[in-house]
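One structure is given here, and the rest of the page talks about it.
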Amino acid sequence: MRPIQSPPGVSVPVKSRPRRRPDLTLPLPQRDVSLAVPLPLPPTSGGSGGSSGSAPSSGGSASSTNTNSSIEAKNYSDLVRGNRIGSGAGGTVYKVIHRPSSRLYALKVIYGNHEETVRRQICREIEILRDVNHPNVVKCHEMFDQNGEIQVLLEFMDKGSLEGAHVWKEQQLADLSRQILSGLAYLHSRHIVHRDIKPSNLLINSAKNVKIADFGVSRILAQTMDPCNSSVGTIAYMSPERINTDLNQGKYDGYAGDIWSLGVSILEFYLGRFPFPVSRQGDWASLMCAICMSQPPEAPATASPEFRHFISCCLQREPGKRRSAMQLLQHPFILRASPSQNRSPQNLHQLLPPPRPLSSSSSPTT
């Protein structure tokens, strides 16, 4: 059967999808030069309106991390795969050794035989994340394509995740929160929304440096600020407007969504349990009702006014009322975490209890 053709000289209008909606344009977090932690501006290649200079490099452990990033894709054979240290919906993570340098890394093997368009998007996001360089963000060193399987070489965090950690001392919790906020503010300044902030995606090493990890569901935002409406991430830590799209007129601010997830995680550290009146492993209906219908959880009355206010700034039902990561870095609760006090060896040893390992599996693989 031949397709129906329009008569000569008659043009048929073709409907085109609108490229952007002005009402969905969201403000970017503004750079605050008074921050104790310098945050580089978004790269100029992302569009107009950025700084003409290049982003300043971060100091501290980030500079030392750069010395490990000289592994080329052609040297994949130099990696010796060891134990599996974690697994999730996006893939499996293995501990590997780079034989020429004897350095340890984490190798994430991404699941699935993806279509070409999906593979290009994954590779594009990984390439952008390779340029991320901050002391509180897990470094992405290299990407490999092995027989159609995408594998990502990451910084190795030897103490695992903070899932199950109970940090009831506010001074220590303030230092923990400051590190996470520092990394989150840096990511947001580069138009990167994580979308899955939770304790199991916050890693710690033997130096007690806390870093944000697992960008398997992160999204790079263009200058047009396309809305992030896809349901990725862990529902227990999702913001109300992300679960129920009828809230907030259907608009989703990815930055504010990360702040909600951060607030739930920090309150969970303080309480030693999931802060909502349901189990985070419960059924979806119970979780959604608790998050969308009930009042946001609060810090207990026994906590300090500063901490109670900090949690309130994160867990506002209306996204526009939540503070940005850069604003929260100036909150009185965070400012009490003086690096000169919290970075002494004695306090570092007591900062957190030994976290649970990423995985109970210890069988070596090849």
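Cβ from N, Cα, C; glycine included.
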Which candidate, of T234, T302, Swiss-Prot gives the annotation phosphothreonine: T234
Listed as phosphoserine by Swiss-Prot, one of S161, S230, S324: S230
In Swiss-Prot, the member of S6, S344 to which phosphoserine is assigned: S6
Phosphothreonine according to Swiss-Prot, picked from T92, T224: T224
D196 (active site, proton acceptor) and I85 (ATP binding site), Cα-Cα, nearest whole angstrom: 19
Average pLDDT across the domain 'Protein kinase' (79-334), rounded to a whole number: 88
Candidates G91, V93, D196 (recorded positions) - the one closest to T234 (phosphothreonine) by CA: D196
Separation of alpha carbons, D196 (active site, proton acceptor) and G91 (ATP binding site) (Å): 15
Between D196 (active site, proton acceptor) and S87 (ATP binding site): CA-CA distance (Å): 15
D196 (active site, proton acceptor) versus V93 (ATP binding site) - Cα distance in angstrom: 17
